[in-house]
Amino acid sequence: MEFGIFENQLSHLNQPFTRILGFRRSPDVILRMEMERSMSLFQMMVNEGLVPSTEEEMKRRNAIDKLKKIVVEWVKTVTYQRGLPKKYLKFASGTILTYGSYGLGVYNSESDIDALCVGPYFATIAEDFFIVLHNMLASRPEVSEIHCVKDAKVPLMRFKFDGISIDLPYARLKVISIPENVDVFNPFFLKNIDDTSWKSLSGVRANRSILHLVPNIEIFQAVLRCIKFWAKRRGVYGNLLGFFGGIHLAVLSAFICQRHPSASLSALILLFFKTFGLWPWPTPVILQETIARPFIPTDKVSWMPIQLPCSPYEFCHSNITRSTFYKIRTEFLRGHMLTKDMLRPDFDWNILFEPFPYARRYGLFVKIFLSACDKDELGDWVGWIKSRFRSLLVKSVLSNGVFLDEAFVLSIQLEELLGFCDPNPTEYVDTDALEPNVIFYWGLPTGRSDLIDADLVEEYFLKSIDNGYQGATGKMKLSIVKANQLPNKAQSAFERKNTKPCWRVVDDNRKKTNPQSKYSKPHCADEYLPTNDSPEYPSAGG
C-alpha cells in the first residue's frame, strides 16, 4: 500500500460527504486535515507491524507455492494407490486456495495462513487426507508441529511450513481434475458435495464475495487492518470467547466501504464506529442488499447477526452472549465518542487503540489455568478447551455456601448470576509453573463472583468437555483472584502492547452476595451505554 492511495481517495471527498460527517469547516481545510489523519493512521499501521514487508510477503507466497506442488503430488499418489486407470494420472490434480486474513490481504508478520486443500472425489478425508497427505507433509523438512484436528466443526491439519503457521481443512469436489484457481461459485464444481466440504469452502467463498463487492480493495484492506487491530487491543476479538472473528469484522468493514465509496481511510474509520455504535441490533448487517430478506429475530439468532456475503440464508457463526454483546457495543460507542472529534488539532489515534485496561476495570477475575505434560499436548488441550469455552461462560454452579450433592446442584447461566462476565481473549503464561501452561483471566463484577463455587464449576465443565476429545487430557484449575493481589508487573502487563505477558498469580477466598438482575447493564459500560435500552433487544440508541 502506498501513501498515494490516500491522495487519490481524498480527491473524491465532496461537500455533501463532509456534511455527513457533521463538520462545518471549509472543504479545503477538511480535505487537508483528512489527508493528515489518513497519513498518520497509515504510519501508525506501519509502526505497529500491521503492513507486511516485501520479504514477509514473498515468504508466504513461496510457502503456498510449495504446498500446492505437494498437493498435486499427493493427488497423483492417491490416484496410483487407488488403482485408478492410467489416464487419470495425467489429469488428476488438486490445489490450494487461501482465505482468512491472508486471502483478504490483511495479514501481518505474526498472522497464520488459512489454506484450503481441494481434492478430487476419490481422495477421502479419513484415509487420504489425514493419513497419506499427513505423512507426506510430516516427511518434509519445511514442516513442523503437525497436528490433525479431526473433531472440529471443520476438520483440518495444523502445522508450520517454513515457520509459518498454517490451518489446512479439506474439500472434496465431484471431479477428477481441480483447476489451480477453481471457481468456488461454479455449480459444476459444487454439485453433490458433502457437508464437510461445503463448510470448508465457505471461508473461500465469503472472502471472494467480499473482495468482489467492495468498491476499492486497497482502502477496504486498510480499514480492516485498523479495525482488527482495534478489536484485538480492546479485547473484542475471538469468536470462541463470544466476540468477533475475522469474518465478522471483514463484513462490517466492507459494509462501510460499500456505502461510502468516495470516503478516505480516516473518514471510513469514523463512519465505522458511528454506524455500528448506533446500529439498532439485532437488525442484521447485510452486505448485499440485492439478496436481503425479511428478518425475524428468534432465539437461535445472534445478538449481532451478520449475514455471510456468499449466501442469502446464512449468518456468520457467532458465540456472542449478553455479556460480550454489551462489551462490544460499549467499545463501538467508545470508538464513536473518540473519532467524532477526529478533526480536533489534538486528536491522537493512539487513544483509540489503547489496550483495554482489565486490571483497572475489574476487581475480580475468573482464573482458568490450563497445563499439560509437554508443549504439543498443551496446544491440543488448550485448543479443545477454547472450543468449549462458551459453555463455561454461560453455565455455572450456585452453592450458596452450603454443601449440595450432585442431585441438588443448580446449573444456571453465569450471566444470570453475575449480570456480566468479560472473557479476556489474551493468553498468559505462568513462568514459575513446572509444566507448560496457558492462563486466561475473565473480568467479573466486584462483589458478585463469590456466588460461584469454582470447584463445582470446574468439575461440571470438565465433565461437559470429556465427550469427543481424543488427545491426551491435560489439567484445568478454576479459581477467583483479586486484581489487587496480582504482582505489579502483572497488573501493568494487562495494559501492555505485548500479547503474552508472563507472571505468577495468587488465588483468593470469596464472599457470597445476591445475583444481579437479568437485564441490568454491566458496570464497565455505564460510561457509554444509553439509558433507554429495550429489555428484549437492547440497542445502542439508534
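For all residues, glycine too, the Cβ spot is worked out from N, Cα and C.
So that you can see what the record holds, here are the features copied from TrEMBL:
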- D112, D114, D167: Mg(2+) 2 binding site (BINDING)
- 34-214: domain 'Poly(A) polymerase nucleotidyltransferase' (DOMAIN)
- 220-354: domain 'Poly(A) polymerase central' (DOMAIN)
- 506-542: region 'Disordered' (REGION)
- 236-256: transmembrane segment (TRANSMEM)
- 263-281: transmembrane segment (TRANSMEM)
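Distribution of TrEMBL features across the structure.
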residue : record                : Cβ neighbours (10 Å)
D112    : Mg(2+) 2 binding site : 16
D114    : Mg(2+) 2 binding site : 24
D167    : Mg(2+) 2 binding site : 19
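A mean pLDDT of 93 is what the model gives for the domain 'Poly(A) polymerase nucleotidyltransferase' (34-214).
Highlighted in sequence order, G100, Y102, I113, A115, R158, S165, I166, L168 have their Cβ within 8 Å of the centre of the Cβ atoms of D112, D114, D167, the residues recorded for Mg(2+) 2, and are not part of that set. Shown for the domain 'Poly(A) polymerase central' (220-354): DSSP residue counts in helix, strand and coil, namely 69 helix, 6 strand, 60 coil.
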